[in-house]
Amino acid sequence: MIIASPTTMSYVCCDKFTEFLKELPKCEHHLHLEGTLEPSLLFSLAKRNNITLPSHFPPSVEACNERYSNFADLQDFLDHYYIGMSVLITEEDFYELAMEYFAKAAKDGCLHSEVFFDPQGHVERGIHVDTVVNGFNRACKDANEKFGTTNKLIMCLLRHLPSAAGLETILSVSHHFENGTIHGLGLDSSEKPFPPELFVECYAAVKSRHPEVGLTAHAGEEGDHTFVTNSLDLLKVTRIDHGVNSIQSEDLMARLAENRTMLSMCPLSNVKLQVVSDVAELPIRSFFEKDVPFSINSDDPAYFGGYILDNYLAVHTRFGFTVADWKKIAINGINGSWCSESRKSQLLAKVDEVCDKYSSLSVIPAVPI
Ligand code: HPA
Ligand SMILES: [Zn+2]
């Protein structure tokens, strides 16, 4: 349950504003590579790899699109997501999946992506972890060459699996942590039954062995504000994925603002998974006014029907942020990124340039019918 007064206004996103939001340098901090598996690629990989999908899985692209528009909650989505990823077998499959995403992100004006993947979802099917990491890493590098974007990998632990399995996974990828191929650690999957305190050992192991690795965790999507506080206190994360329920605690909001702890929000995902019934119900205006840093992200765009620009447009039509407001949001996203200081400076300079170019744009309230 989110306590926030929904905005009752709506705004037009005219062509010029859409152009501005497309050109505004964007950073993606919350995207699951396996969640970019479009139904068309899913079925072509199933055919190529001779995978028979279970009979209860939607049997066609059209049936997937229909089913994906009706998820009851996070678990209902995850049940499809884990079946979907079962078609990924070879290094080339992982490479192709990530390259398709990076091409779409670049087209949307996303210049820096920090992307999640779920190694345990593949290893438990008999895929070697290096097959996954090498395919994704090659795509990060090729996308950098081809599109000029910077891209980092964040490995997530599945919270429905025991912490001992998480520790084993951490040990199995220590070479990728050491050489910087894996840049961060996250925690995803079913939130409420598996609170952050179960994973203290896993996070402590990464923090002590690989202090340069960034720490984040999904918290406060379906879990209440204590999931966010406990992730900060016990897992020592410096970023929170989703975090919408932080609005339930004023103390937590003040703490996030003071420590510049960024929430990686996913508006369209929150609607598709019934966290809210409309983007207007998200506490985005309160976060903005209370100076809680947040970024806007796409989560699992192949399942939720929108990539990063779609999420920006959805936020604009509900909250009507001005060019100056968007500039602040873009700056917070860059400062909350785990890229080099020199890359941050480049991105910040580009934000200045784009915001200057569009400084005369005004926000247009929609006329009620
Ligand atoms: O939105 C999400 N929440 C939790 N786990 C996930 N795994 C993929 N997407 C998600
Ligand atoms: Zn997520």
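Any Cβ shown, glycine's included, is placed from N, Cα and C.
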Quick one: which of H112, H218, H225 does TrEMBL put in the Zn(2+) site with H30, H32, D299?
-> H218
Listed in sequence order, residues not in H30, H32, H218, D299 with Cβ within 8 Å of the centre of the Zn(2+) site Cβ atoms = L31, G35, F116, D188, D241, H242, S264, C266, S269, N297, D300
Relative to ligand 2, which of the recorded positions E221, H242, D299, D300 have a Cβ found under 6 Å from one of its atoms?
-> D299
Integer Å value for the Cα distance linking E221 (active site, proton donor) with H30 (Zn(2+) binding site) is 13
State the count of C-beta atoms found within 10 angstroms of the C-beta of H218 (Zn(2+) binding site), not counting that atom itself.
-> 28
